[in-house]
Amino acid sequence: MSFGKKLIRLLTLLLITVVNGNLLTLTFLPISNRNSLPIFNQIIGLILLSITVIVMIYLAKKWEFPVIAHWPWSAKEFLIVLLGVASMYIIAQISAQILLLYKITSSENGNLLLALFSHFNFIIKFAFGSLLIPCIEETIFRVGIIGYLFKGKPLLGLLISSLVFGLMHEPRLSLVLLFYSTMGMILGLVYLKAKRLDISIAVHGLHNFIFMLL
């Protein structure tokens, strides 16, 4: 299959997430008018994002993305997850101190998500931040870019996926972009080591869960 056709398929998945993001924005509009978001709106948002994940996984499998997952994990796979989560936590702490030292604020995207999730029920927040969003991002950035678009060129795929992941979270040239790109590289290395979607989702999701607890 040609690179162009693969790229179109990957961009289609990305477009689906953009459309879903716009729908979620409409669902979460009540936040601007009150201090909390009605549980009904949270559930509707959860349903919309769940449908997006189902559609993305279906299309990814249909288009022969290397969507590989299985249970139980081996001891080696558990170790990969633990090392991945630990690495992301260490990088996050170092980055936070550097940003604090230079009085640099986090990305607008990050601040928006923090403000949004502060209005959520914890269980729904967990479903969004630790399950659904990691599933979408890992399918696109790790499986889509590294395993599918640049299959056979792991180093190039790793570099591009890390940069694109960073730019999606921080579009400006800054230390924040470097931070997100580094996080993307860790997730990319996890994917390359395990060759499994569920492993990279687990690392991403656990990192987000720890972040929610802090």
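Placed from the backbone N, Cα and C atoms, the Cβ positions cover glycine too.
As recorded in TrEMBL:
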type	residues	note
TRANSMEM	7-31	transmembrane segment
TRANSMEM	37-59	transmembrane segment
TRANSMEM	79-100	transmembrane segment
TRANSMEM	112-133	transmembrane segment
DOMAIN	121-210	domain 'CAAX prenyl protease 2/Lysostaphin resistance protein A-like'
TRANSMEM	145-167	transmembrane segment
TRANSMEM	173-192	transmembrane segment
List the helix, strand and coil residue totals of the domain 'CAAX prenyl protease 2/Lysostaphin resistance protein A-like' (121-210) as derived from DSSP. 78 helix, 0 strand, 12 coil
Among 7-31, 79-100, 145-167, 173-192, the most Cβ pairs under 8 Å with the transmembrane segment (37-59) come from 7-31
